[in-house]
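Participant: Among the features that TrEMBL reports, domain 'Peptidase A1' is placed at 68-375. Marked as active site by TrEMBL: ASP86, ASP267. For CYS99-CYS104, CYS258-CYS262, CYS300-CYS334, the entry in TrEMBL reads disulfide bond.
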Amino acid sequence: LVLLWLVAFSECIVIIPLMKVNVMQETASGKNLLNNFLKEHAYRLPQISSRNSNITSVSLEKFYHLIYIGNITIGTPPQEFRVIFDTGSSFLWVPSISCSSSACYTHNTFKYKESSTYRKMKKRFRMTYGSGRVKGYIAYDTVRIGDLVITEQPFGLSLKTYGLDWTPFDGILGLNHPGKSHTGIIPIFDNMMKQGAISEPVFAFYLSKNNERDSVLMLGGVDTAYYKGLLHWVPVTQPGDWRIHIEHISMKGKVIGCSGGCEAVLDTGTASIRGPTSLVNTIHRLIRARSQGSEYYVSCRTINTLPSLIFTISGIGYPLTAQDYTLQESQGRCYTSIKGGTEMQHYGERWVLSTVFLRVYFSVFDRGNNRIGLAPAV
């Protein structure tokens, strides 16, 4: 009976393969193709407007270093798109075939006239990300994620995108709560629950550190083969957001952040650990990192001797080694994946635990109990 239950339980989990992409490498290879297109079709490309009134801001620093993307389809018959599955936002959008921005000529676009289940709304949307902005209109159609079918899902079709020309993904699929939906429409995970597409209101991420094992998104359950030991559950500090409490952050045995406790967001759409600039500068001084442009570099020869950055959450220390929080450029230089700037968007001390953290720790997002489970990834 136990064996039968385990088999039945495993069949309820939908596992979506994710591809790890180094954006800086992939985007460089696409520039010649787009530059040639711009020369041939310059008359068709609009001028970028500087007007950005009524644009909703999403506090995400995206599109740098390593990101994870997966495939979905929209429409009948299905049209495929590569998207970021993003716990920092709640909205799904992809480019429309009617989009006139240069970025849309290098990405898959939705051909709405070819979908028999497409239905347009009059409502429009505008969103701003750390590296670009998008605007367009909202429509309804059938969305498929692996074997899951979600009907009548509202989503955005972008008509103009700015600053996203070189991204290796077509759109973004938000997995945050409805309260974080800046368009006021029901997020796709809520529709999964409402339509009974998943057996449990949970999803989980395994983000691989190397190419030996595939990264995956799990929907509707958790596969224990992807983590070691027990899941430690952390309550969200405020229902409606994937935010948790951190007791303190330490390095070399000293507290260097969250000395009185602070909040952190677990964000699969951000590629760098983020925190207040002054505290990030303290970390860089401790590891003797040198600034050059927007990056901080360390000697690749010293990485094995650099101290770990430890986040203490619910009494448990979650260390990131220097191998975890640094990356190596194609030229061979090593730089950190720790950036400042959260003080520009939030009052008080706020950190973003990004894919840098989530590559080391398997994460479960439990909507039913408003909590997040963490365990060392295999």
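Using N, Cα and C of the backbone, Cβ positions are placed for all residues, glycine too.
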Participant: Spatially, and counting Cα to Cα, which of the recorded positions is closest to CYS99 (disulfide bond)? Options: CYS258, ASP267, CYS334.
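Facilitator: Its closest listed neighbour, by Cα, is ASP267.
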Participant: Spatially, which candidate from the recorded positions CYS258, CYS262, ASP267 is nearest to ASP86 (active site), comparing Cα atoms?
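Facilitator: So, spelling it out, the nearest of the recorded positions is ASP267.
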Participant: Please report how many Å separate the Cα atom of CYS262 (disulfide bond) from that of CYS334 (disulfide bond), as a whole number.
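Facilitator: Counting only the Cα atoms, the answer is 29 Å.
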Participant: CYS99, CYS104, CYS300, CYS334: which of these disulfide-bonded residues has the sparsest Cβ neighbourhood within 10 Å?
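Facilitator: Comparing Cβ neighbour counts within 10 Å for the disulfide-bonded residues CYS99, CYS104, CYS300, CYS334 gives CYS300.
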Participant: In the structure shown, which of the disulfide-bonded residues CYS258, CYS262 has the fewest Cβ neighbours within 10 Å?
Facilitator: CYS262
Participant: Please tell me which one of the disulfide-bonded residues listed here (CYS104, CYS258, CYS300, CYS334) sits closest to ASP267 (active site), measuring Cα to Cα?
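Facilitator: Of all the candidates listed, CYS258 is nearest in space.
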Participant: Can you give me the Cα-Cα distance between CYS300 (disulfide bond) and CYS258 (disulfide bond) in Å, rounded to a whole number?
Facilitator: 29
Participant: Any idea what the model's mean pLDDT is for the domain 'Peptidase A1' (68-375)?
Facilitator: 93
Participant: Can you give me the Cα-Cα distance between CYS258 (disulfide bond) and CYS334 (disulfide bond) in Å, rounded to a whole number?
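Facilitator: With distance taken Cα to Cα, CYS334 (disulfide bond) is 27 Å from CYS258 (disulfide bond).
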Participant: Just to be sure I understand the packing, how many Cβ atoms besides its own are within 10 Å of the Cβ of ASP267 (active site)?
Facilitator: 25
